[in-house]
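If you look up Swiss-Prot, you'll see 242-244, 276-277, 298-300, 303-307, 374-377, Phe381 marked as 4-CDP-2-C-methyl-D-erythritol 2-phosphate binding site. The annotation divalent metal cation binding site is assigned in Swiss-Prot to Asp242, His244, His284 on the grounds of sequence analysis. Annotated region '2-C-methyl-D-erythritol 4-phosphate cytidylyltransferase' per Swiss-Prot: 1-235, in sequence order. For 236-400, the entry in Swiss-Prot reads region '2-C-methyl-D-erythritol 2,4-cyclodiphosphate synthase'. Positions annotated as site 'Transition state stabilizer' by Swiss-Prot, on the basis of sequence analysis: Arg15, Lys25, His276, Thr375. For Arg161, Lys216, the entry in Swiss-Prot reads site 'Positions MEP for the nucleophilic attack', with the evidence type sequence analysis.
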Amino acid sequence: MSLWTVLLAAGSGTRLAQASGGVKKQFLSVGGRPLYWKALTAFAKSPDVAGVVVVFAPEDLAEATRELAGFLDANHPGLPVLTAAGGARRQDSVKNGLDALPREARLVLIHDAARPFVDAGLIARVADALAAGRKAVIPTLPVTDTVKQVDGDRVTATLPRHELAAVQTPQGFDLTLLRQAYAHARPDFDVTDDASLVEHYGQPVFTVPGAPRNMKITHPEDLASLAEAAAPPVPVTGYGYDVHRYADPRNPGKQPPRPMKLGGFPILGAPEVLAHSDGDVLLHALTDAVLGCVAGGDIGRLFPDSNPDFDNMASGVFLSEALLAAKAKGLTITHVDLTIIAQIPKISPHAEAIRLNVAALLGLNKEQVNLKATTEEGLGFTGEKKGIKAVALVSGWRRP
């Protein structure tokens, strides 16, 4: 089958004009691209779709086509993308989009650009129904509210909810049938979706399950949902690990000894650690874990121990810089799990103070920070009391 999509981006957007500063909703910026681009890329990624015709209002056609060409040059979706001028009514815009389809097109999906969150599963459900022989297919959702028929301010009937459905796009059609339905319709017959024309033509229309997230941007309050849903955050995890040797007068290292700090908290009476900075092994591991959440490299790359500027630098500075860089890349930290591995000193007397200090450095509450301490049962260099290790695991969300 040759399945094409007609993407309608020709609406006037009058209900949103004031809230959007006069910008038509199909041209609202979402992640640096106009709203219609998000829907276009969803169809372009579908293996069922052979091409897309984008319908713009006549007054927008030239500029929008030039803008679209620029987006296609930068990130071509890999299938033909054509444009057409819209008409006075929605059905006129659809008709013009149908006229722009290539001769090989046999099936068509009609979609409103004001539904930018159409997903691959919904497109596939409509396409599969067409491939199975259905000639008119629409996605629907159950109506959960009680629906009343009214005349002015008076209720005239309560409609049976189980017989009602909320309709979405994309709506799929056999192209020949849809063209016949358009040709059959009276000039004064106005419709709000294409399935209505097919119904009026006397042909059956079938349904597939819609998608709740496939909302239509219509009212000013929808803009908040648009901003939140435009770039849904993805879960991320960062891992950090660090080691420091203890100072030993019999075996001095290349780096100077520093009083022990863990999580920015001084550990009095503990062995000194060898370090270029202040040697806070826990904050070093945590800094690496934060950087790991955003593919930001590691602490040694950002703060090399060969740089004298970092001599005895407080590790909280490293963590603060890493947090700024990570937040600039869209990171929100939700939980931190920390482990200190050492034979000495004993961590439990200091654990709560360390935990609270780390939470403060991260801007989290203490329930979002877990701290554990363990030994290696006398094994390895920590078991021999020659050093200390720390492991950090950071969980969060990142907006693309």
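The backbone N, Cα and C atoms fix where each Cβ goes, glycine too.
Remember, predicted model here, so these are calculated numbers, not experimental data.
All features noted in Swiss-Prot, drawn onto the structure.
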{"residue": "Arg161", "record": "site 'Positions MEP for the nucleophilic attack'", "Cβ contacts under 8 Å, 6 or more apart": "Val143, Thr144, Asp145, Thr146, Val147"}
{"residue": "Lys216", "record": "site 'Positions MEP for the nucleophilic attack'", "Cβ contacts under 8 Å, 6 or more apart": "Asp112, Ala114, Arg115, Gln168, Asp222"}
{"residue": "Asp242", "record": "4-CDP-2-C-methyl-D-erythritol 2-phosphate binding site", "Cβ contacts under 8 Å, 6 or more apart": "Val281, Leu282, His284, Ala285, Asp288, Ile299, Lys389, Ala390"}
{"residue": "His244", "record": "divalent metal cation binding site", "Cβ contacts under 8 Å, 6 or more apart": "Val273, Leu274, Ala275, Gly279, Val281, Gly387, Ile388"}
{"residue": "His276", "record": "4-CDP-2-C-methyl-D-erythritol 2-phosphate binding site", "Cβ contacts under 8 Å, 6 or more apart": "Gln255, Asp305, Phe310, Asp311, Asn312"}
{"residue": "Pro304", "record": "4-CDP-2-C-methyl-D-erythritol 2-phosphate binding site", "Cβ contacts under 8 Å, 6 or more apart": "Phe310"}
{"residue": "Asn307", "record": "4-CDP-2-C-methyl-D-erythritol 2-phosphate binding site", "Cβ contacts under 8 Å, 6 or more apart": "none"}
{"residue": "Thr375", "record": "site 'Transition state stabilizer'", "Cβ contacts under 8 Å, 6 or more apart": "Ile341, Ala342, Gln343, Thr382, Gly383"}
{"residue": "Glu376", "record": "4-CDP-2-C-methyl-D-erythritol 2-phosphate binding site", "Cβ contacts under 8 Å, 6 or more apart": "Ile341, Gln343, Thr382, Gly383"}
Cβ neighbour count (within 10 Å, all chains shown) around His284 (divalent metal cation binding site): 27
DSSP three-state assignment (helix, strand or coil) for Asn307 (4-CDP-2-C-methyl-D-erythritol 2-phosphate binding site): coil
Reduced DSSP assignment, His284 (divalent metal cation binding site): helix
Taken over the region '2-C-methyl-D-erythritol 2,4-cyclodiphosphate synthase' (236-400), the model's mean pLDDT: 93
Three-state secondary structure, His244 (divalent metal cation binding site) (per DSSP): strand
Divalent metal cation site shell beyond Asp242, His244, His284, criterion: Cβ within 8 Å of Cβ centroid: Val243, Ala275, Gly279, Asp280, Val281, Leu282, Leu283, Ala285, Ile388, Lys389, Ala390
